[in-house]
Amino acid sequence: MGYTLAIDTSSYVLTLAISAEKKIVGEVMTNIKKNHSLRLMPAIDQLMKDVGISANQLERIVVAEGPGSYTGVRIAVTTAKSLAWSLNIPLVGVSSLELMVQTGRYFNGYTVPIVDARRGQVFTSLYKSEHNRMVEIHEDRLRMLGEWLEQLKEVGGPILFVGQDLDLHSEEIRVVLGDQAVFAPHAMSLPRGGELAALGYEKEAVQSVHTFVPRYLRLAEAEAKWQSEQQKVRESND
Amino acid sequence: MKNNELILAIETSCDETSAAVIKNGEEILSNIVSSQIESHKRFGGVVPEIASRHHVEQITLIIEEAMKEAEVAFQDLSAVAVTEGPGLVGALLIGVNAAKAIAFAHDLPLIGVHHIAGHIYANQLVHKLQFPLLTLVVSGGHTELVYMEKDGSFEIIGETRDDAVGEAYDKVARTLGLPYPGGPHIDKMAHEGKPTYDLPRAWLEQDSFDFSFSGLKSSVINNLHNKKQRGEEVIPEDLAASFQESVIEVLVTKTKKAQEQYGVAQVLLAGGVAANKGLRSELQRVFEPSEVELLIPPLNLCTDNAAMIGAAASIKFKQKKFATYDLNGNPGLDLENQ
Ligand SMILES: [Zn+2]
């Protein structure tokens with residue numbers, strides 16, 4: 001039987017899981033500020049040993065593709081695409097935000113993931129539980145939190161907020177949304193490798209492993225600056 | 001059965017994504033280099049975040065190309081090697097994590113390589129090395145004289161105290177309004193001009209093999225500035241020639257002195273600035289009449305490439321100095337104690 005390996009290092013959390021079809025046979029999760037690049041492959045090696053399988057028994061790699069920490073996402077994506085390519089097996093990318101909102105599967109209402117992106121911005125989206133599955137209503141994007149909350153006011157009904165960065169923003173969310181806002185407890189706010197494996201089991205594999213890249217949802221700072229300068233030059237030429 | 005030692009090598013320390021397959025530490029079966037320079041040009045230098053993004057886009061594609069060109073499969077490989085440092089940390093991480101994944105997937109030994117060891121061992125891909133030897137390492141990030149008593153042993157007997165040679169070239173080029181990367185432009189201009197400007201040479205203490213280029217760089221900038229203020233004409237070609245003459249005189253004189261003091265029979269040139277024509281010909285002029293053998297790698301092995309990493313890795317393979325899965329990108333990796 002073939003196994004799925006799922007990995008996520010898009011935040012401080014390092015999590016991975018091995019599943020056999022729908023059954024999770026092993027999972028690891030740490031929530032500490034330690035180097036993912038150093039720890040990811042030893043963690044994979046150890047979990048594989050613990051569940052007693054070798055690399056050639058893997059038949060699918062699932063990775064959380066971002067948004068999140070640029071470096072963190074790159075570590076998981078590079079590892080995942082190198083494994084998938086060199087083992088010649090399918091690779092599945094799952095949004096890091098979609099992974100987070102799985103907490104809301106049995107919540108009667110909407111779920112909003114929050115990943116802090118500094119300067120009042122957040123990586124976020126809007127999901128709703130339908131028949132115990134999370135359905136995307138508004139896509140993953142970089143948004144100004146203030147404007148986003150005004151927009152969320154209009155959806156009606158309770159909204160479950162999930163994410164490790166909630167402590168930074170819960171005050172502002174409460175001020176705007178009042179009782180409409182519900183906050184997931186810490187224990188349910190961390191991404192889980194097992195959920196990632198389950199999501200990846202249902203999703204289509206990527207067409208091309210080679211061209212698979214992280215979903216940054218934001219240009220590199222130098223690139224954004226350069227583009228806005230080009231824009232200014234174009235405008236002054238008009 | 002593996003009759004030959006075949007090493008898959010990966011290099012992503014700066015703005016080149018490269019993979020190579022090296023046979024027995026000296027024969028290049030493939031050496032694929034994907035340069036990002038076109039992308040960084042508009043910023044006037046390498047932007048680390050953008051370099052990292054490009055590496056992720058390219059990494060498996062370049063490795064596949066290297067293996068296809070070499071006509072080897074994973075089961076033919078003896079080991080996977082990768083640049084561990086120094087370099088841009090985010091860029092190093094891509095190569096390191098790709099190498100670890102491949103080593104894990106195919107149960108291959110993993111080897112971490114020092115980037116400068118790679119530059120030195122690039123010479124092994126063209127000529128047999130004879131120890132003890134001396135290498136002048138010159139690049140955008142390094143200016144070092146490295147003494148090697150035997151394979152895998154590195155002693156830095158001199159290094160820059162401020163700017164690396166390549167850095168000084170780029171800064172002077174920028175002052176002269178030349179596009180990035182400026183080194184090759186200065187080299188070219190220098191050949192069209194005459195060294196008429198009186199620029200300083202930093203010899204430092206009498207017995208020191210260290211270098212310093214920041215004073216020279218400032219002197220060029222001041223010269224240009226003062227002349228412009230006085231409305232005097234500056235001949236850029238002559239200024240480039242004067243700058244290049246000062247750099248090369250110090251580099252070559254110190255190399256020659258170190259060669260004599262350490263009594264080595266082989267002197268190697270290594271690193272990106274080894275592409276500099278002025279430096280190459282001056283070294284040849286100085287060492288050709290002597291017994292000393294001078295090795296200068298071809299241009300494509302001077303700039304960053306994975307073949308040189310594979311050549312250096314071969315030494316560690318023979319010494320069974322393997323890395324574990326906690327190998328990490330190390331921007332400050334020490335050459336002498338790796
Ligand atoms: Zn280099």
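Positions of Cβ are set from backbone N, Cα and C atoms, glycine also.
For B:27-310, the entry in TrEMBL reads domain 'Gcp-like'.
If you look up TrEMBL, you'll see B:His115, B:His119, B:Asp304 marked as Fe cation binding site. Counting every protein chain shown, 27 other Cβ atoms lie within 10 Å of the Cβ of B:Asp304 (Fe cation binding site).
Around B:Asn276 (substrate binding site), the same-chain residues at least 6 positions away in sequence with a Cβ under 8 Å from its Cβ are B:Val138, B:Gly183, B:Asp187, B:Gln244, B:Ile248. Residues or ranges marked as substrate binding site by TrEMBL: B:Val137, B:Val138, B:Ser139, B:Gly140, B:Gly141, B:Asp170, B:Gly183, B:Asp187, B:Asn276.
Shown in sequence order, B:Glu11, B:Ser13, B:Thr83, B:Ile116, B:Gly118, B:Ser139, B:Gly271, B:Gly272, B:Asn305, B:Met308, B:Ile309 are the same-chain residues outside B:His115, B:His119, B:Asp304 whose Cβ sits within 8 Å of the Cβ centre of the Fe cation site. When Cβ neighbours within 10 Å are tallied across all protein chains shown, the highest count among the binding-site residues B:Gly141, B:Gly183 belongs to B:Gly183. Secondary structure at B:Val137 (substrate binding site), taken from DSSP and collapsed to helix, strand or coil, is strand. Taking the Cβ of B:His119 (Fe cation binding site) as reference, residues of its chain lying under 8 Å away and at least six apart in sequence are, in sequence order, B:Val137, B:Ser139, B:His142, B:Ala270, B:Gly271, B:Cys302, B:Met308. Checking the binding-site residues B:Val137, B:Ser139, B:Gly141, B:Gly183, B:Asp304 against ligand 1, the ones with a C-beta less than 6 Å from an atom of that molecule are B:Ser139, B:Asp304.
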